[in-house]
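Asker: Next up is a structure, given as structure tokens.
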Amino acid sequence: MAVSHRLLRPATTTIKNTFSSLFIRSLSSSSSGSSLDPKIDLEEAAAQLGKSSSTSTSPYKGRNFHWVFLGCPGVGKGTYASRLSSLLGVPHIATGDLVREELSSSGLLSSQLKELVNHGKLVPDEFIISLLSKRLQAGKDKGESGYILDGFPRTVTQAEILEGVTNIDLVINLKLREEALLAKCLGRRICSECGGNYNVACIDIKGDDDTPRMYMPPLLPPPNCESKLISRADDTEEVVKERLRIYNKMTQPVEEFYKKRGKLLEFELPGGIPESWARLLRALHLEDDKQSAIA
């Protein structure tokens, strides 16, 4: 892995400067001859971009949300971030998806990343930052404004970089009992043909005096996908437990980072999607006229 470290570990100052430059450009106006002073409120810059280019029909259009989802692997960040993305009319940017896209490519770096991921290791900061910068630039080119980040930041270094170049409005930290979390991760399945995500685990945890019963029904595929389901290579009990251990060790400081800034919302998932989605909307003071249909 010596080659990997040389490829992926430039100086921290260089990382911050490079990402700051790319991030600022990704949110800045593309008007001819204009430039963005880093001291300017980037939300205002994003709002100016959104005025001329956003095509969202969301009732929340124009508010340019800058939100982050935290939570252990498998907790459901993608599920709820995606729903909020549709509701609020802003893109859902999942760094896990960006990594998987890179893993599907060929080359030395891809093979080294596969080794890290398959052993439950977290991808180094600078690689995630590079992928995210490119995604934000692509979004800027398409006229996107606002975003919901899923899977970033995972370290205080990443959080500091992000804080230095944009104003995150809210950080939603999803929580789930470890017993349920492990079962969810081991039950994840993907359709090898359409790419749909499903979960075959039926979670039913008895309650006691301190905790209520938790029931999470399986998210089963349609009949045409049943025979095409596959598991992720890294969804084994050993790898999942190691991934959770590393995550908890590395992200506790991130939670404290945002808690001190008054931006952290702790949200304990009470059960399956219908119950959890309704409660999350109430916690965020949002309304979804279609929630009964999509839950």
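Note: Cβ is positioned from N, Cα and C throughout, glycine not excepted.
Pulled these features from Swiss-Prot for this protein:
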TRANSIT   1-46  transit peptide
BINDING   G74, V75, G76, K77, G78, T79, R188, G271  ATP binding site
REGION    94-123  region 'NMP'
BINDING   T95, R100, K121, L122, V123, G151, F152, P153, R154, Q158, R243  AMP binding site
REGION    187-235  region 'LID'
Asker: Which of these binding-site residues is closest to G78 (ATP binding site) if you go by CA atoms: T95, K121, V123, R243?
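Answerer: Comparing Cα positions, the closest of these binding-site residues turns out to be T95.
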Asker: Compared by Cα position, which of the binding-site residues T95, V123, F152 is the closest one to R188 (ATP binding site)?
Answerer: T95
Asker: Please determine which of the binding-site residues listed here (K121, R243) has the lowest count of neighbouring CB atoms within 10 Å.
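Answerer: Lowest Cβ count within 10 Å among the binding-site residues (K121, R243) is K121.
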Asker: Against which stretches of its own chain does the region 'NMP' (94-123) lie, if we need a Cβ under 8 Å and a gap of at least six residues from its ends?
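Answerer: Tertiary neighbours of the region 'NMP' (94-123) are 1, 3-4, 7, 77-78, 81, 131-132, 135, 149-152, 154, 233-234, 238-240, 242-243, 246-247, 250.
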Asker: Identify which of the binding-site residues K77, R154, R188 has its Cβ surrounded by the largest number of other Cβ atoms within 10 Å, counting every protein chain shown.
Answerer: K77
Asker: Roughly how wide, in whole Å, is the group T95, R100, K121, L122, V123, G151, F152, P153, R154, Q158, R243 that binds AMP, by largest Cα to Cα distance?
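Answerer: For the residues that bind AMP, the greatest Cα distance is 20 Å.
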Asker: What's the CA-CA gap between V75 (ATP binding site) and R243 (AMP binding site) in angstrom, rounded?
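Answerer: So the Cα of R243 (AMP binding site) lies 12 Å away from that of V75 (ATP binding site).
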Asker: So if I measure Cβ to Cβ from G76 (ATP binding site) and keep only same-chain residues at least 6 apart in sequence, which ones fall under 8 Å?
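Answerer: In sequence order, L174, L176, K184, L269, I273, S276 meet the Cβ cut-off.
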Asker: Under 8 Å between C-beta atoms and at least six apart in sequence, can you list the same-chain neighbours of T95 (AMP binding site), or say none if there are none?
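Answerer: T95 (AMP binding site) has long-range Cβ partners I128, L131, L132, L149, D150, G151, F152.
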Asker: Take the C-alpha atoms of K77 (ATP binding site) and V123 (AMP binding site) and report the distance between them in angstrom, rounded.
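Answerer: Between the Cα atoms of K77 (ATP binding site) and V123 (AMP binding site), the distance comes to 18 Å.
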Asker: Based on the record's binding annotation for ATP (G74, V75, G76, K77, G78, T79, R188, G271), what whole-number value in Å is the widest Cα to Cα distance?
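Answerer: Answer in Å: the longest Cα-Cα distance is 16.
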Asker: Using a 10 Å cut-off, grab the number of neighbouring Cβ atoms around the Cβ of F152 (AMP binding site), all chains included.
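Answerer: F152 (AMP binding site) is surrounded by 23 other Cβ atoms within 10 Å.
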Asker: Residues with Cβ closer than 8 Å to the Cβ of G271 (ATP binding site), same chain and 6+ apart in sequence?
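Answerer: Within the chain, G271 (ATP binding site) has Cβ neighbours under 8 Å at M214, Y215, M216.
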Asker: Identify which of the binding-site residues G74, G78 has its Cβ surrounded by the largest number of other Cβ atoms within 10 Å, counting every protein chain shown.
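Answerer: The largest 10 Å Cβ neighbour count belongs to G74.
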